[in-house]
Amino acid sequence: MPSASPIVHVKVSYPELSSRARRMMTKSTRFLVVVVLFFVGAPPRCLAGDPDPLQDICVADPNAGVEVNGFACKAAADVTAADFFFAGLAKPGATNNTMGSLVTGANVEKIPGLNTLGVSLSRIDYAPGGLNPPHTHPRATEIVFVLYGALDVGFITTANKLVAKTISQGEVFVFPRGLVHFQKNNGKMPAAVIAGFNSQLPGTQSIAATLFAANPTVPDDVLAKAFQIGTKDVEKIKRRLAPKK
């Protein structure tokens, strides 16, 4: 047992101690060992990604009408290779939009076979000057691999420190789970990355859209005080970020 060695060590190294003192040290040593084993040996569930699967496959059935932490499983007899296939990342996405970027997801909503497997991908394309605006993924860490072009990327820690770098073709950068991050193409040529996530559905919260385009809307006075701007400025930003009808 882990506690046997410390007990022997106490008895051998300190023969001059009274039996009562040795017993007290033995109890303290046992307690310390238990505490160390608890923190070292306990699985870090609070830092884990999606739960481990309990079967070979569980192809998502979004029409099952069952609400679980993930999707219900499709009947095994109905599973086909198409449930594990997606061609949507093969071509660049259209970047002729306000931000000059487009995210094409390859998650469980596009690939039902990813259900319970805890992984997904995205392709992100950037026009020259294009921005993937500050956002978070509440359920996953992200790792990007640059297909071509160059990007200025970064994330902000909870201590408000910016960790940023310029990355180019063939290079990799990691954005820790839940932290605000961004990518910007400051070059004169298009750029693209493949992004990997340790979740079948990482979720995305774009900071500006989350705050200024929520439905129902966040009260103007809340945003005005938070950003130290006037309510008229808040209303102007809300109009610009409102979903197009």
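Using the three backbone atoms N, Cα and C, a Cβ is placed for every residue, glycine included.
Residues or ranges marked as disulfide bond by TrEMBL: Cys58-Cys73.
Marked as domain 'Cupin type-1' by TrEMBL: 87-235.
The feature oxalate binding site is assigned by TrEMBL to Asn132, His137, Glu142. The C-beta environment of Glu142 (oxalate binding site), restricted to residues of the same chain at least 6 apart in sequence and closer than 8 Å, consists of Val174, Phe175, His181, Ala195, Gly196, Phe197, Pro202.
What TrEMBL lists as Mn(2+) binding site is His135, His137, Glu142, His181. Summarising the environment of His181 (Mn(2+) binding site), the number of other Cβ atoms within 10 Å of its Cβ, over all protein chains shown, is 23.
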| In angstrom units, rounded to an integer, how far apart are the Cα atoms of His137 (oxalate binding site) and Cys58 (disulfide bond)? | 24
| In the structure shown, with every protein chain counted, which of the binding-site residues His135, His137 has the densest set of Cβ atoms within 10 angstroms of its Cβ? | His137
| How many other Cβ atoms sit within 10 Å of the Cβ of Cys58 (disulfide bond)? | 21
| query | How many other Cβ atoms sit within 10 Å of the Cβ of Asn132 (oxalate binding site)? | reply | 25
| task | Count the Cβ atoms, other than its own, that fall within 10 Å of the Cβ of Cys73 (disulfide bond), considering every protein chain shown. | result | 19
